[in-house]
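First comes the structure, then the notes that go with it.
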Amino acid sequence: VLSPADKTNVKGTWSKIGNHSAEYGAEALERMFINFPSTKTYFSHFDLGHGSAQIKGHGKKVADALTKAVGHIDNLPDALSELSDLHAHKLRVDPVNFKLLSHCLLVTLALHLPADFTPSVHASLDKFLASVSTVLTSKYR
């Protein structure tokens, strides 16, 4: 459960990402594909080369979904319901991949926002991304 301090940390950090959210989303995806090659199976139709338009496009989708989640941090299940349905029923993404992408996103944010990425912010973002992952996998049952 996200505490009030966690919510403040998440919102504050996300506001600092600003216009870079799509860029950071794409970078996190690239990082995931490089470090966890098994995740590529869901993207066999993508050009997975560095800087590909498809990775940038999907990075933007990831970033937009997270921006929506931050904006609805008190009601993640409703905010992410359609996305949860998509990943569970149509795409059938292995739930572990959400954890892998979350890890890669944390690394990306730590690299780009080193002064802001304090231990408490790291913990808050980790809890937030775990909450998002839980919602996205809730309809797998």
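Each residue, glycine too, has its Cβ placed from N, Cα and C.
The O2 binding site feature in Swiss-Prot is assigned to HIS58. DSSP classifies HIS58 (O2 binding site) as helix under the three-state reduction. Around the Cβ of HIS58 (O2 binding site), a 10 Å sphere holds 17 further Cβ atoms from the protein chains shown.
According to DSSP, HIS87 (heme b binding site) sits within a helical segment. Sequence annotations record features per position, and here Swiss-Prot assigns heme b binding site to HIS87 based on sequence analysis.
Taken from Swiss-Prot, the feature domain 'Globin' covers 1-141, and the record attributes it to sequence analysis.
The annotation N6-succinyllysine is assigned in Swiss-Prot to LYS7 (among others). There are 16 other CB atoms within 10 A of the CB of LYS7 (N6-succinyllysine), with all protein chains counted. According to DSSP, LYS7 (N6-succinyllysine) sits within a helical segment.
Annotated phosphothreonine per Swiss-Prot: THR8 (among others), in sequence order, evidence recorded as similarity to another entry. Sequence-distant neighbours of THR8 (phosphothreonine) (same chain, 6+ apart, CB under 8 A from its CB) do not exist here.
For LYS11 (N6-succinyllysine), the same-chain residues that are 6 or more apart in sequence and have a Cβ closer than 8 Å to its Cβ are VAL70, ILE73. Annotation comment: Swiss-Prot describes LYS11 (among others) as N6-succinyllysine.
Taking Cβ-Cβ distances under 8 Å and a sequence gap of 6 or more within the same chain, the neighbours of LYS16 (N6-succinyllysine) are LEU113, ASP116. Among the features that Swiss-Prot reports, N6-succinyllysine is placed at LYS16 (among others), with the record citing similarity to another entry.
When secondary structure is read from DSSP and collapsed to three states, LYS16 (N6-succinyllysine) falls in the helix class. Taken from Swiss-Prot, the feature N6-acetyllysine covers LYS16.
Taken from Swiss-Prot, the feature N6-succinyllysine covers LYS40 (among others). Secondary structure from DSSP puts LYS40 (N6-succinyllysine) in a helix.
Residues annotated as phosphoserine in Swiss-Prot, with similarity to another entry given as evidence: SER102 (among others). For the recorded site, SER102 (phosphoserine), the DSSP three-state label reads helix.
All protein chains shown were included, and the count of other CB atoms within 10 Å of the CB of THR108 (phosphothreonine) stands at 22. Sequence annotations record features per position, and here Swiss-Prot assigns phosphothreonine to THR108 (among others) based on similarity to another entry.
Taken from Swiss-Prot, the feature phosphoserine covers SER124 (among others), and the record attributes it to similarity to another entry. Every protein chain considered, the tally of other Cβ atoms within 10 Å of the Cβ of SER124 (phosphoserine) stands at 22.
Under the heading phosphoserine, Swiss-Prot lists SER131 (among others), citing similarity to another entry as support. The C-beta environment of SER131 (phosphoserine), restricted to residues of the same chain at least 6 apart in sequence and closer than 8 Å, consists of LEU2, LEU76.
A 10 Å cutoff on Cβ-Cβ distances gives THR134 (phosphothreonine) a total of 15 other Cβ atoms nearby, all chains included. In the three-state DSSP scheme, THR134 (phosphothreonine) is classed as helix. The phosphothreonine annotation in Swiss-Prot covers THR134 (among others), and the record cites similarity to another entry as its basis.
Under the heading phosphothreonine, Swiss-Prot lists THR137 (among others), citing similarity to another entry as support. Around the Cβ of THR137 (phosphothreonine), the number of neighbouring Cβ atoms within 10 Å comes to 19.
Each residue contributes its Cα atom, and for HIS87 (heme b binding site) and LYS7 (N6-succinyllysine) those atoms are 25 Å apart. Each of the recorded positions LYS40, HIS87 was scored by other CB atoms within 10 A of its CB, and the lowest score goes to LYS40.
Broken down with DSSP, the domain 'Globin' (1-141) shows 110 helix, 0 strand, 31 coil.
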